[in-house]
């Protein structure tokens, strides 16, 4: 049979099992999820087509059956029957061997036999009787088997010895022939060269000897077992088709639906891989640029030009395309790709022998293989940039938090990736249970060695060898003084930054004097302070007593919140617009008190709605709201109007005499009754009598809003008719809807809206002046953040701290949870030390990014003062590190961008990776406020990699010279 696989280049195989007596073909549908897993074997057996031979076989079988019927052996005990058929050397659980015979038994009869022997009663009614395979035959003349019979569903297979036992004990149904099958060796036959790849099939020749038969007809003997491992298939195919040792290959299986499934695990047998007879197997060879031919079917086109296809550059100097907010992933990958020993591990294919496909905590080797593909492409030297689409999909498949294209943290992805690579490459195939033991007074050296050995018993991979260290954890109970000492492994250090206890807030101060413009102030206040601390700080700038200040958060022309003095400053975010008003009273009205009442006031403008007749008017807020102090002894609507006119006098023009003279005597007579503005259910603020305020629906002639003592009506004597510039209306706290004018409701929530007609606002309201403000001298003040040394962060990491209430420690002595003190110390350091600077701070009320400059050395970072394990003074390189990569984050909490500085392991030059852009940089550009994750390499490891025995590539030290300064790019 010839098959021409034209999906992509590779080597194709086909399985066939031939038997000179009975042809056996199989069909197993294989899905993507089942490749590499053991499946039930399926077979369809047919008797030879020669009728004479079939009749002779039937007659012979009948004669044998007749001879055996009267010679039934005495039935042994039921337990003995079970052992001989199921578990003995001749039982059905034994493996298949080439050349031996196996027999088919109808499953229903076999299950009844099982129930009989397991029941323990030889006189039971479940006695199965003679073996009856009638349901397996299509007819009882030629005894042709039915098509599509499935092992485990229709029949079971028994070795010859077990079959003869059952026949001797129970007999075979009269006239039925035994259904015998022989096992044979497997070989591979090359049947076609397609020009893209070679198609092969598995078969057996007439002699039963396994042979290679190429397309020219020559024969070559091949040693092969009846069920070889897929790794042997791959190795044999590589030999036969002269694949170079340095070339990477992998196997695919074409399933019944026509799609291709990877054969990941090369340590399982062909049978366990669930490969069916006649199935197409394809060997794929990696291209020189590190990509697979099959990748063209699954990933987006790189859109490489002809120049790119012939591109040859420095290995490792390769960008990664941003797929949409994936700069965090690109940054983490570039850092990890420039870890010399890990990259060499993948480039030299060491990972292939350590892939762990059966680790329940792993990703079935898929993350490791996806990362290996990425490394091989980046270090092939044939790409300026690559598209990490396959890797992104793999990460999203196994970690749903990274699905989609939202922004994420590069350190979080790095943590997931290191853990995933470790589990996929874990050399421990079956993890044993290890009980964690406390020190219990034993020496630290003994406890640490025990903890590390226990860790290695369950975790042994290249990630552990490269990135894992050990620190000592000491917990002390505050009540009983019990001390608990444990040693725990770590993969990276998350070190805190020294945090300033001060913060800077920008506020606007609104004085009561209307002639003064609002003032912008920049205040330095304690982070854990209260609103009263803000008022005290502002008082030093303005000379106004803190008791005469009220703090408000203004948002969208309304009061979002009015703060109390005892509220924490942490409730104010940096992005909030904070206004501080000078007042002479308080909002809450206290009965019997003579204090002024502070009234919140909004500004609104009437706008005609899009109505057919323009009869409906909407109201829109504008400007900044006010907090107006009103005394208790004057509280008419006219008085409030006068107070507001005074407070707005800086940017509201008073009407002149011509404007005040209406010229209509009749209208004057009518307005004599309603010259005082006030609330009205109909929208007009007119009272039935001059002294009354409010509508004529029974509202008292006095409103609950009071006038300032110094602002009587004498300042604006009503000697003649005045033109009202605006109307007043009680509203809710949002200022968006009118309230009822019942005294109780108004008194409970005294918000007033100043409603302007568009023409009046345009004529008398100066918007430019209203928005004007002045900057206080303190606005130019910038709180200098002194840079901190990396060593200070590490010292802070090893400082004693008290556990939080959300994370108490259970004291085994007190038998209860305690807020114990905890101290971490470094005991053993890894080859590659990852230091995560905790720049992102989260509290209940705020989230901020610390942009403190951390000064970190590029060479000779000395950890000898932090490691408490007895040190080897003869080898100081065990405690000194050189920088090899930095993950940077630019921006704030809600948005930002990740980039990478990395030192090439071959050239020793530093480069700046910004997604698909790569540029050389100078060492003095590496240190910046954006540094987020630091990668350090231990110096003794760098020396080892430099030696000829350490690496064929002879990577250079990060301390090597940098490129010419003329090529540097300014990344700061």
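Glycine residues also receive a Cβ, built from the backbone N, Cα and C atoms like all the rest.
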Of 653-700, 749-796, 797-844, the range TrEMBL labels region 'Disordered': 653-700
Given ranges 65-93, 94-122, 123-151, the stretch to which TrEMBL attaches the annotation region 'Disordered': 65-93
625-644, 705-724, 725-744, 845-864 - the range that TrEMBL marks as region 'Disordered': 725-744
Listed range which TrEMBL flags as region 'Disordered', given the options 921-946, 947-972: 947-972
Counts by DSSP class (helix H/G/I, strand E/B, coil) across the domain 'DUSP' (76-184): 37 helix, 20 strand, 52 coil
